[in-house]
Amino acid sequence: MKIGTLAFLAGLVIAVIGAFVNVEWFPWVLAALGLVVGFLNISGGETRRFLIAAIAFMMSAYSLDTLPMVGEMIGNIMHNIGYFVGSAALLVAIKALFELSKD
């Protein structure tokens, strides 16, 4: 397995675990793993689709925590994935801007 794939899987696992335990440094680990995923996994042809998916996820994730009974836990998982996806999206967007400035 590639490092980027392992970072992606680790990010998802940590995001779910982080919803059940309160560890202060989990968001930092998720952000770092997101940067690794953004750098290693997302190439030029995938940039647009990834950024659109990241925006859609970030916009919709925060509405799920209002669901009765399970909303808080789902909301916590989505917030954690947001740290992960947000940092990956930031790096991919910077890479895209850099590529656009070369033309």
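In case you wondered, yes, glycine gets a Cβ from its N, Cα and C as well.
TrEMBL lists 25-43 (among others) with the feature transmembrane segment. For the transmembrane segment (25-43), the list of distant contacts is 2-5, 7-8, 10-11, 14-15, 17-18, 50, 80-81, 83-92, 95: same-chain residues at least six beyond its ends, Cβ to Cβ under 8 Å.
What TrEMBL lists as transmembrane segment is 50-71 (among others). Outside the transmembrane segment (50-71), and at least 6 residues removed from its termini, the chain residues within Cβ reach (under 8 Å) are 42, 78-79, 81-82, 85-86, 88-89, 92-93, 96.
Look at TrEMBL and you will find 77-98 (among others) tagged as transmembrane segment.
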